[in-house]
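Okay, structure first, notes after.
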Amino acid sequence: MTDLDSFIAGLPKAELHLHIEGSLEPELMFELAQRNGVEIPYESVEDVRAAYAFTRLQDFLDIYYAGANVLRTRQDFHDMAMAYFERAAQDGVVHAEIMFDPQTHTDRGIPFAEVIEGLLSAMAEAEAKHGMTSQLILSFLRHLSEEAAFETLAMAEPWLDRITAVGLDSSELGHPPVKFAQVLAAAREKGLKITLHAGEEGPPEYVYQALDLIEADRIDHGNRALEDPVLTQRLAEMGMTLTVCPLSNLKLCVIDDIAQHPIDRMLQAGLKATLNSDDPAYFGGYIADNYRAVADARGLTRDDLVTIARNSFTGSFLPADAIARHMAAIDAYVGAQA
Ligand SMILES: Nc1ncnc2[nH]cnc12
Ligand SMILES: [Zn+2]
């Protein structure tokens with residue numbers, strides 16, 4: 001481990017953009033397929049990894065939804081989430097806001113309760129074992145209808161006190177935020193925060209919609225906002241948090257080379273950027289790998305990395321006292337390293 005590797009691993013950080021279904025490693029996929037008697041179209045773990053060659057978001061989504069088919073029981077969701085928390089703890093994650101896609105499961109006949117209770121029990125275990133806090137973000141699949149999103153929100157009703165936010169994920173192009181304006185407003189009425197994917201593949205216009213029509217609390221990705229200087233300045237001035245995912249951007253061909261990643265341009269423009277892993281089992285790295293990849297490729301300084309870690313807490317949905325505690329922990333860490 002280099003000095004920078006250990007600095008990054010020890011830096012207290014929050015993960016704000018993580019699809020729990022995207023943390024399903026091929027090894028666990030095989031184990032669950034066997035446990036549940038589900039056929040998967042792969043011979044081996046190597047075979048699965050070889051299939052993870054994508055040229056755009058949709059290529060990935062097709063494989064990701066197929067992979068989720070092995071998830072059947074509460075125990076499966078628990079095991080998947082626990083594997084993520086164990087891995088995240090090694091990377092210095094002390095708080096994680098995890099997205100889940102209920103429709104991917106309820107549309108296959110898996111009860112909403114099985115999905116969420118499995119995740120909640122893993123969240124409790126991660127807190128007991130590692131002191132890691134976590135929150136749930138319910139993502140609506142934007143390739144489906146707003147009516148289907150309303151049905152999902154209704155299913156979630158008994159658990160709304162354990163869900164922090166709602167969001168939009170899945171195929172972005174052709175499914176602008178405005179398509180879900182009413183269901184997102186209804187979720188806000190129920191006290192939920194809103195964070196949505198915008199400007200990953202979609203144009204700056206979708207980011208404007210996220211601000212003007214949805215009044216989003218956070219933007220997931222947001223890369224393409226940089227194409228519009230007025231929008232960039234507005235995001236910077238309002239202190240909007242962007243949950244940026246470099247290895248995802250590389251794997252999904254949002255960028256051609258990690259050396260082109262705009263993270264340093266984002267910071268220079270005053271954007272409140274964070275670094276996250278998105279779907280680590282599919283994109284070849286967890287959160288510390290993402291910090292390392294851009295630190296190497298874009299020459300980020302330790303100060304830049306600390307700024308990003310601070311942004312991950314101030315951009316979280318934690319209460320102010322918890323954010324203050326995490327900021328103090330960063331101060332102590334930086335002080336001890338000096
Ligand atoms: N990066 C991503 N973009 C959109 N939908 C997703 N679902 C899982 N990962 C996603
Ligand atoms: Zn995502």
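Every residue, even glycine, has its Cβ placed from backbone N, Cα and C.
Binding site for Zn(2+) per TrEMBL: H17, H19, H197, plus D278 from the candidate set D91, D257, D264, D278. Ligand 2 lies within reach of D278 from the recorded positions E200, H221, D278, D279, judged by a C-beta closer than 6 angstroms to any of its atoms. Counting every protein chain shown, the Cβ of D278 (Zn(2+) binding site) has 31 other Cβ atoms within 10 Å. The Cα of H221 (site 'Important for catalytic activity') lies closest to that of E200, out of the recorded positions H17, H19, E200, D279. Ranking the recorded positions H19, H197, E200 by Cα distance from D279 (substrate binding site) puts H19 first.
For the pair formed by D278 (Zn(2+) binding site) and E200 (active site, proton donor), distance between Cα atoms is given as 12 Å, rounded to the nearest Å.
Per-site Cβ counts within 10 Å over the recorded positions E200, D279 peak at D279.
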